[in-house]
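According to TrEMBL:
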REGION    B:1-21  region 'Disordered'
TRANSMEM  B:46-67  transmembrane segment
TRANSMEM  B:73-95  transmembrane segment
DOMAIN    B:97-177  domain 'YdbS-like PH'
TRANSMEM  B:203-225  transmembrane segment
TRANSMEM  B:245-274  transmembrane segment
TRANSMEM  B:413-434  transmembrane segment
TRANSMEM  B:440-459  transmembrane segment
DOMAIN    B:459-532  domain 'YdbS-like PH'
REGION    B:554-578  region 'Disordered'
Amino acid sequence: MPEHAAPLLRPPRHRVDPRARRWWTVQALLTLSGPMLLTALVMAVLSVLFFPGALPWLGPLLLVVLVLPALGYLLVMPRRRYSVHAWELGSRAVYAAGGWFWQKRRIAPLSRVQTVDTMRGPIQRRYGLATVTVTTASTAGDIKIAGLSDADAEELSRLIGEAAQDVPGDAA
Amino acid sequence: MSEHSERSVRGRAPGEYEAERSAVPASAPIAASPLPQWRRLDPRTLLVHCGWMGAPLGSLALTALATGGKINAGAWITLAAIAASFAVITAIGLVRWARTEFRVTDETLDVRSGLLTRRLRSVPLHRIRTVDLTASPLHRLMGVTVLRAGTAGSGDGGGELALEALTAAEAHRLRAELLAHADTEAAAKDPVLARISWRWLRYAPLTFWVVGGVFVVAGSVYRVLDGIGIEPWKLGFVQRAFTEFGASVLWLTIPAVVLAVLALGSVGAVALYIENWWNYCLEWTDARTLQVRRGLFTTRSVTIERARLRGVLLREPLLLRAGGGALVRAVAGGLGNREENRRRSGLLPPAPRPEALRVATGALQSPFPGTELMTEGAKSSHQAAISPPPPPSSLPLLTPHPRIALRRRRVRGLLFAVLPGTVVLAGLGAAFTPVLLPCAWIYAVVTTPLVLWLARDAYRNLGHGIHGRHLVTRSGTFSRDTLALQREAIAAWTFTSSPFTRRAGLVTLTAAVAAGEESYRIPDLAADYAPSFAAAAAPGILDEFLTVPTNAFPGAPSPDRYPVSRPRYPDSHQGSAT
């Protein structure tokens with residue numbers, strides 16, 4: 001890259017709560033990795049019990065198709081997410097970064113904020129986490145900050161609410 | 001298809017004023033008042049409401065015909081259901097008909113309706129701008145007509161009153177009566193942006209998914225036949241035709257079938273075009289309201305307030321583009337969900353591109369970027385990619401995207417189009433029959449140049465820029481879309497990247513708007529340029545999150561990467577990046 005005089009977008013200042021890594025791990029186990037590992041296990045056991053002849057080719061196949069991707073997802077996704085997810089409340093806009101493979105940074109001005117929702121799923125509650133969703137008039141402008149600690153979420157939603165009040169805007 | 005126009009206008013705009021009255025008996029004495037008598041709609045409307053039964057009754061008759069008059073238990077149940085629905089619908093229609101009345105006073109058109117809650121809608125005559133008479137074929141059969149009175153749509157007061165239905169003679173009389181008072185002069189002065197020109201019909205076959213459409217129709221015909229118990233493959237004449245032509249003179253049959261499909265598709269596309277765009281008229285009904293009226297059997301009318309019109313989209317699907325045509329859509333709020341928005345946002349049917357540019361400019365009320373200029377720029381793209389030549393007119397060219405975006409498009413095409421087909425054919429050939437091996441070769445040889453050409457086209461079509469009050473972006477090859485979007489309408493910016501784009505130093509910028517399809521992408525911008533472009537296009541959104549990189553650290557980590565090992569929250573990422 002040549003020298004860039006153009007300003008760059010810096011990452012948001014604040015990371016999400018470190019406990020979010022555990023939450024994402026549990027989520028991965030429940031949604032993708034768990035079922036994949038379970039399927040591999042069941043197929044391997046069935047093969048050992050009933051078709052021992054199939055094991056030499058089924059074993060590597062299961063390993064490559066199910067076990068390794070499941071483990072990779074389980075280990076990589078939460079870490080990558082934690083390194084990417086971040087948020088910041090500026091004086092005029094909310095800024096959040098998220099994702100792990102496809103990464104997304106979204107900035108919405110406070111003048112467009114319509115509602116601030118705080119959501120706690122069952123697993124999130126176990127780890128004392130919450131997700132704050134800031135909605136705007138456009139569905140493509142909704143900002144979601146997942147994995148905040150309860151206290152931060154409360155504080156953030158209060159601050160955004162107040163800031164949105166202060167910034168004059170049509171929210172349209 | 002048939003209802004959306006009504007909802008579009010009536011749903012949002014409830015008329016001049018609405019008053020809920022305590023139930024007034026329908027037979028209230030009106031002789032005492034000096035006002036004219038309440039009039040009723042035509043009772044034949046009831047029959048029109050039962051028109052939907054044509055399809056099931058018809059299929060029942062077909063079944064009876066096909067089975068030789070024998071009606072089985074299932075058919076009897078269908079018949080009973082139809083009878084029951086008939087009773088219910090007739091009852092509802094009867095009540096509605098009995099409780100709907102209208103009258104024309106000296107100043108207003110009043111309509112009152114409702115069974116329990118009586119509703120009175122009253123429109124001042126001087127605000128009526130248009131009176132449309134529309135009749136579906138069924139209406140015509142019954143000799144009745146629907147009358148729609150459209151009013152000046154200033155603010156939420158604009159709207160439409162529909163009387164469904166009147167005898168044709170009475171409808172014409174009423175129209176004359178309404179228009180005598182109406183402020184037609186105001187309507188006449190308003191600029192009409194475009195009217196239908198039947199020379200545009202030549203673009204119809206270039207738009208409809210010609211071949212696919214025929215298969216869709218054939219599929220649904222087959223399903224209907226299957227549903228009523230006829231298996232077309234078992235009919236004698238079909239089998240005979242197949243054995244005689246299909247098998248023996250295959251080299252004649254295939255081109256014949258292709259030609260037939262193309263002809264049928266074109267006829268269907270032309271018919272659809274005529275049905276959709278009959279009587280098409282796009283006009284500013286007043287300084288603040290853009291209105292589209294169109295439709296042959298079903299008239300559609302969409303009214304867009306100027307404040308809600310956030311931009312204009314010029315679409316050039318591949319075939320249409322090859323034929324020098326384009327169509328125009330509005331990017332407007334309040335047109336309903338995605339599907340409704342797609343159906344209702346049309347401002348211009350497929351038409352010559354100069355016409356499309358003119359209409360886009362008229363709707364935007366500021367010059368729409370001339371695509372001709374940009375294609376000229378693209379023709380010499382080897383130099384345009386580096387430094388675009390100065391524009392021949394005052395309209396600036398769109399800025400091309402980094403060259404690496406071309407490579408991404410090539411790789412994508414080869415990976416997702418050429419490779420899978422070749423691998424599958426070669427694999428099948430190796431496993432089962434060697435006949436498929438040359439097929440694999442031919443497939444690869446034919447598709448590779450095609451994919452490369454499409455990739456080049458896709459890359460050349462990429463462009464973005466700022467034109468006065470508008471952000472302009474262009475992308476797409478199967479449909480080249482040029483969007484002019486009001487900069488102040490942008491409600492949020494999103495920067496999206498994947499590992500591949502991050503390696504290529506690209507980022508996709510998405511503008512969120514509360515209109516149209518809500519999100520509009522500018523794909524594959526240079527990552528170190530996108531933030532400044534976003535900040536310039538919509539100031540005040542991301543300025544406070546920008547940093548100016550220092551050149552003292554040439555090996556500094558890419559700005560899109562986060563430091564992986566950082567202490568816990570809350571902390572500052574910023575310090576670590578430099």
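Every residue, even glycine, has its Cβ placed from backbone N, Cα and C.
Same-chain residues lying 6 or more positions outside the transmembrane segment (B:203-225) and placing a CB less than 8 Å from one of its CB atoms are 59, 231-232, 261-262, 264-266, 268-270, 272-273, 317, 319-320, 322-323, 325, 327, 349-352.
Remote same-chain partners of the transmembrane segment (B:440-459), defined as residues 6 or more beyond its termini with a Cβ less than 8 Å from a stretch Cβ, comprise 401, 405-406, 409-410, 412-414, 417-418, 421-422, 425-426, 429, 475-477. With helix defined as DSSP H, G or I and strand as E or B, the domain 'YdbS-like PH' (B:459-532) counts 15 helix, 40 strand, 19 coil.
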